[in-house]
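Take a look at the structure set out below.
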Amino acid sequence: MTVTPIRAKEELKYEIKDISLAPSGRQRIEWAGREMPVVKQIKDRFEKEKPFEGIRLIACCHVTTETANLAIALKAGGADAVLIASNPLSTQDDVAACLVADYGIPVFAIKGEDNATYHRHVQIALDHKPNLIIDDGGDVTATLIQERKDQIADIIGTTEETTTGIVRLAAMLKDGVLSFPAMNVNDADTKHFFDNRYGTGQSTLDGIIRATNVLLAGKTVVVAGYGWCGKGTAMRARGLGANVIVTEINAVKAIEAVMDGFRVMPMIEAAPLGDLFVTVTGNKHVIRPEHFDVMKDGAIVCNSGHFDIEIDLQSLGEKASEIKEVRNFTQQYTLASGKSIVVLGEGRLINLAAAEGHPSAVMDMSFANQALACEYLVKNKGKLEPGIYNIPTEIDQEIARLKLQGMGISIDSLTPEQEAYLNSWTSGT
């Protein structure tokens, strides 16, 4: 790809595809904002209270319309923020342009950027000398710890959005290299129950359909992994008429999948049966040579985990006599036997490579968690030991309350009698 040179707009540095795309980006950011009432209320409060005044912040996220609303809220709160992409294929170039042109937020992200550019953008962001990091997959946090040790003393904390990133943070903590607090946004109830399940389920199928235009009814879809993302993907595939097989390594989750009505088997048994394969595990080489060898001619494989490692594309490429693009985000690998296997989105997140990511309504809660986690870190600066912290229950519940309010839904509350009963141990049979 051609790398766009770093440009300056009234001393604002940025690296995006085309700033003239800003009007389209603004329209779409505002449209997304209509479905994000919680982030809107947080932004309005931040604008008055300025909790991030004097704070330098890096946000490493998918550069989407929803992320834009988060970035705007953080800037309203006084943050000196820089935004970079957390995936080379997930950037929406018109959104990046709007954030630079209309909101003065430095963005370093181009859809389709190569790995060298992606990692250079991480370094540029770290040159901002952040106090707070919003991470999505852990790349910025890991790079800071490995290559920028002299900057660690300035870090108040980091927040992490993904299962993959939390796994990496736990490994950092185990190795004794995580020397500041990290907020586990991924495991907040108002995040994983909705973003991971309903968001991933809908957006993954959206990306697959946009990339291929295949009819899912009657197809056999193999979902690798039955965490919240896998549950959502399996549920939505079944809703579109697919016969769904689940593969798992966790016995409890496998039982859950069976009792939810899905067939469960090892990947080597599912491989000859599947028409479409979706990996949502967060692990490496879930689909590998022994699976490719027994797949049907024309089988489609894609990933909706975080990194492009779940499908062993290097091995598939070595087996292929020809690789050609047959549609946007759709590559056909022809093997020596004459059989073809179709890979979507270069094995990267199909929901962001070929579609627009999760719907705004679920990202509203996820990004509310990010914003309030950042505020929590600032309020508790110097009070938290290095480690991984869950989102406080009161913040989680407040986000849920605000979301219900935005949806026009009210719920019951405990009566004094019920509260007394729940706090008593003397009443029995």
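Cβ coordinates are placed from backbone N, Cα and C, and glycine is handled just like the others.
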If I go by Swiss-Prot, which of Glu15, Glu30, Glu35, Glu161 binds substrate at the same site as Thr64, Asp136, Lys191, Asp195?
Glu161
10 Å Cβ neighbour count around Asp136 (substrate binding site)?
26
Over the residue list Thr64, Asp136, Glu161, Lys191, Asp195, recorded for substrate, what is the maximum interresidue Cα distance in Å?
17
When distances run from the Cα of His306 (NAD(+) binding site) to each of the binding-site residues Asp136, Lys191, Asp195, the nearest one:
Asp136
Packing count at Gly225 (NAD(+) binding site) (other Cβ atoms within 10 Å of its Cβ):
28
Return the residues near Thr162 (NAD(+) binding site), defined as same-chain residues 6+ apart in sequence whose C-beta is under 8 angstroms from its C-beta, sorted by sequence, else 'none'.
Asp136, Gly137, Gly138, Asn186, Gly282, His306
Here the binding-site residues are Asp195, Glu248; which one has the lowest number of other Cβ atoms no more than 10 Å from its Cβ?
Glu248
Could you work out which of the binding-site residues (Thr64, Thr164, Ser304) has its C-beta surrounded by the smallest number of other C-beta atoms within 10 A?
Thr164
